[in-house]
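*Asks:* OK, TrEMBL features for this one:
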TRANSMEM  20-39  transmembrane segment
TRANSMEM  51-74  transmembrane segment
TRANSMEM  95-112  transmembrane segment
TRANSMEM  118-140  transmembrane segment
TRANSMEM  152-173  transmembrane segment
TRANSMEM  179-200  transmembrane segment
TRANSMEM  212-230  transmembrane segment
TRANSMEM  236-257  transmembrane segment
TRANSMEM  292-311  transmembrane segment
Amino acid sequence: MSNESLNMEGATLPSISRIAYMPVTLFSIIMGLTGAAIACRKAFPDSVMMHSAGFFLGVMSSVLLTVFVAMYVFKMLKYRDEFLHELRHMVRINFFPTISISLLLQSAYWSGWHDISLYLWSAGAMLQLMFTLFIMSSWIHREHFNIAHTNPAWFIPVVGSIVVPLAGVGLGFHETSLFFFSIGLIFWFCLLTIVLYRLFFHENLPDKLMPTMFILLAPPSIGFIAYTDIIGSTDLFAHIIYYFALFVFILLMYNTLTFLKLKFYLSSWAYSFPLAAFSAASAKFADSTGSVIPYFLAKIVVCALIGLIVWSGREHTLLIF
């Protein structure tokens, strides 16, 4: 059953019943908002206005995360069949780790509050491992998957592990952070080959999934930040990761017209987190190397990202189910 049909059915029901059709992909909104909040602080360290904007986005994302988690737990308990349908869906199953990644990003955002950050990080890391094991096992054992089902959203379950070190290193969990980083890095290499093969040699992605192309930008961007946090410096490999992220960003910008022609979908929130991650990575690269271009690039991307979030919010995203 398609998202549209689910939404249409949900629209005829009382408000409380619409929770049955709440898509797990809504948590990508939390990722985008929290990522933008972090990027505002990284790209504009001396700007009171941007820090205020980042604080507003951070608080709003925290409130929304609390609401979304409560609603989704209610869905799991009250509407078990709809929950299981989503869990078995060939595309939407890959978006369940957006829950754990949202918790991990919130942990990074609230890093100044040690206990809050620790609780969020612990819950996020445990959920991330559980989702990774469950979804990878599903890929291995389910026979109905084929190459046509592959899309950039496949990066989310396993490569999401790269997010763990963002707060984990600062909390003192160096080896645990390295464990998760290793999972994400190796499977990024593996999945990148599979996804590119699908994009090059098979039919185009449907319009609804085209925004997920920006997910290609997230692994190298977050990977650069996580790697430099773990080793405490910017070495040759760190440069390679960042410059690959820069190339992916340029490639996506080269295809801007293709993305501008698309209608707004819930998947359009896939633009936000990768751009936020790239902005934060550019700011950190500029700080560690003194490069001027990444410094300005970080600021430009953050400003564009805030405009994108405002545009997405005007599309009544939160009312679609």
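Even glycines carry a Cβ here, placed using N, Cα and C.
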*Asks:* Which bits of the chain, at least 6 residues beyond where the transmembrane segment (179-200) starts or stops, bring a Cβ under 8 A of a Cβ in it?
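*Replies:* Those are 125, 128-129, 132, 147-148, 150-152, 154-155, 158-165, 168, 216, 219-220, 223, 226-227, 230, in sequence order.
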*Asks:* Have the transmembrane segment (20-39) and the transmembrane segment (292-311) got at least three CB pairs under 8 Å, pairs 6 or more apart in sequence?
*Replies:* yes
